[in-house]
Amino acid sequence: MDWTQLYALVAAGTFSMFVLVHFRKYLNHVVNYLFLLSRYLTYPRLVHRHRFLGPWSPVVVIMQLVYIAANIFCVTFPASSIAEIGRRAGTLAVINMVPLFAGPHFAFLEDILGTSLATIHLIHRSAGIMTFSLSIVHALVIAESRVSLLLDLPPNLFAVVSHGGSSLCLLILLTVPIFRRLSYELFLRTHQALATATAYSLWRHLPSKEAFPLVYVYISAGLFSVLLLVQIILIVHRNGIFRYHLSRATITDCHGAVHLRIRHQKGSKIDSGQYINLWIPWMPFVSFWSLLQTHPFMVISWTPGKQDTIELFVQPRGGLTRKLLYHAANGHLRNPVVIFSGPHGTSIAMDEYESVLMVASGFGIAAHLSSLKKLIYSYNARLGPDGIGAQSFLNNALEEDKLDDGRILLITIHLESHDIVIPFGKRATVYPGPAPLSRIFLEEVSGENINQPEKQKVQQDPSTADSGEPERLRKPRLIESGQTKDTTRDGKMLVMGKQL
């Protein structure tokens, strides 16, 4: 690029900038319209949640079709021969492999990209399937060409290992759920080991004298190394490993659930709705494999500033969490050292809404506690067995909802095992049967549950009445009350359960 071309690019960029600034208000209308359109493409479900698929919204289906069409186009157009298609398929397989090594942990990528964890899983799964499919096309074209592969040569040997070994095992482990159900930690470590073996085999398979596509392998390795280093630095900094004492956890049995209270001397700013990945490096009497396990847990505590005490409420399912419950119930746990990463995830801003509806059941009730505490704090500052286990935490949150007699929280509990309405306290009522979600959502959207400022009727003063209008025909006027009573926003929580 010479100086004249550089001058032309700068001039064109400057002109485009002035045009965009002038038409920015029209661009805002377009952006708002696209935002509304995206809701119609995001919220509906074309394919609902299934054991192997879904849920797929229209935007997910469109993006997948575009992704597949783009790869097919790049492989086939314009291709002069079958050998050219095979070569392109191999190159595209290496390019699609780059996102598979974009970071050591999905939660860290979630924070970098600002998207949901489900989207990260979808990208990883789609890129993995596309990489394997293109590798199969590449291998089939080579087999069709009837070229003899001498396994004495390292590139040919590692080609067989990469395409016939590791990639096939990866696909089998991803498509057979029994491996994940038996031992997810073992499946995860095997998945990572096979991915590393595939990357190494691919590096040995590609010719070293050609820059492309070998450069994409180096990009994958460099991206993974940089993000791994950044994640380690963040974990060391947020845990205060060198400046503070390591965090310790008090683990107790709370009505069949595991309650963890982490004492964190450095303190961490954790917003409502965020979670942490917990690592207990040394607890051999509970599980020897705890050294290799990290578990995501939702944080139920919330404070306006940094938290020096982080509370977790864990549902014991199996493996480590089930063993934690057993040893906590028998008093065997002695405040183990814990290290965590995070907080991860995004917090939903709810302070601009007058009515907030929360739907929860089972252990999901505990996940709403941090949001409840933040809502009540913002308002005051003007800014079953599962239910029994979460009762003490919920009561602590309700204690804060008493400033100025606000009581912005209203709880509705639906139990299928009851057949009568049972009110308890001034906030909660138990209703029989399943929750009528459609009717509840329609009521919230219509704003029926939002309290309006009181209005009072004031009679017209006869001294100011017009002579042309009889007094008896005058109707009382409605004016705003001069009282200091403020508009109250009703926060609502809906709880569903099957047994008390």
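Even glycines carry a Cβ here, placed using N, Cα and C.
The transmembrane segment annotation in TrEMBL covers 6-23 (among others).
Residues or ranges marked as transmembrane segment by TrEMBL: 59-77 (among others).
For the transmembrane segment (89-108), the residues of the chain that approach it from at least six positions outside its boundaries are 71, 74-75, 117, 120-121, 123-124, 127-128, 130-132, 134-135, 137-138, 141, 195, 199, 202, 206, 212-213, 216-217, 219-221, 223-224, 227-228, 231, 277, 296, 341-342, 344-345, judged by C-beta separation under 8 angstroms. Residues or ranges marked as transmembrane segment in TrEMBL: 89-108 (among others).
TrEMBL lists 157-179 (among others) with the feature transmembrane segment.
What TrEMBL lists as transmembrane segment is 215-236 (among others). Beyond the transmembrane segment (215-236), the same-chain residues lying 6 or more positions past its ends with a Cβ under 8 Å from any Cβ of the stretch are 94-95, 97-98, 100-105, 108-109, 112, 199, 202-203, 206, 242, 339-341.
What TrEMBL lists as domain 'FAD-binding FR-type' is 239-350.
Marked as region 'Disordered' by TrEMBL: 448-500.
Here TrEMBL flags 448-466 as compositional bias 'Polar residues'.
The list of residues near the transmembrane segment (59-77) in space but at least 6 beyond its ends in sequence, with Cβ under 8 angstroms from a Cβ of it, reads 38, 41-42, 46-47, 85, 88-89, 92, 96, 122, 126, 130, 134, 137.
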